C-alpha cells in the first residue's frame, strides 16, 4: 500500500499523517498475533490481508461468510498479491466458491483487492457491492439482505469514518462486521464526529453481541466496545466545554484551538504530539460541538477563535 495510508490521508486534512507515528505506536505496540487464516466460527473464516502497517495493524481482515460451497466475502484487502494467492489457495483447498463481494467502504485497504478477485474469479464481475458504487459495481442500500447457505447478512449504513461506510450484520450469530467504524484495537479516525457518534448509537441499537472488525482481533463484547468509544468521545466534549468555561470566567472572549490545547493539556507535551495529534483532534471535537450549537467561533486576524455559547 503506497505510503501505508490505507485511505486515511483524506480523513482529516489538518493531520500530518506521515508524522503521526508516535500516536499510532501507542495503539500498535502490543497487538496480538493473528494467523493468516482462521475459522473463527462455523460461518466465518478470516483471511488476513497481508498488508500489516501503522494504519492497518496486523493487516486488513477479509471474511469468508457462509457454510456451503457458495459463500460471500467482506472486503478485499489492499491489492497485495500475497493476499490474492492466499485467498485462492484457501478457497481451493476447501472447495469453496464466491458469490458476492461486499465492500464496507471506499478506502484502498478494503477495495484494492477487487481487480485480483475479478482476475481469479471473473464470474464475480457483476457481484461487487458497495454503497456509493464505482463504475461496474452494484449499489448497497440500508437494510439490503444478502443470503448464502448458512448465513443471512443485512447491510447497515453507518457513516462517520467515511460517508459510504456500511456494516454488515450476520443474523444467525447476532454478530456485526464493523469495518473501520469499530476496530479490534484502538480507535478509528473519522470524517465527521457528530455523524460518527450517531452511527455508533445506531450500531449499538442493533443488539449485536460480537464484532468482526476490518482490523484487529474479534471483539467479544461489541456493545461494551461501542459504549466505551461513545464515552471517550463524550468525555473529550466535556473536557473542551469545561476549558471554554474557564476561558469565559477569565473574561476572555474567545481562544484559538492551539491555545485551547494548552488550556486542556498544559505546556509540557512535546510539539509533535501537540501539533500532529491533539490540535487536529480538538478541532474535530469543536466542529462537532458547533454542529450541536454548544460552541461558536469568530475570525480574528485570519484565525478561528472559539467560545462557548452555553
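Glycine too: its Cβ is placed from the backbone N, Cα and C atoms.
Now, the feature entries from Swiss-Prot:
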| type | residues | note |
| --- | --- | --- |
| BINDING | 105, 107 | Zn(2+) 1 binding site |
| ACT_SITE | 109 | active site, proton donor/acceptor |
| BINDING | 109, 110 | Zn(2+) 2 binding site |
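Shown here: features listed in Swiss-Prot, placed on the structure.
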residue	record	Cβ neighbours (10 Å)
105	Zn(2+) 1 binding site	24
107	Zn(2+) 1 binding site	26
109	active site, proton donor/acceptor	28
110	Zn(2+) 2 binding site	30
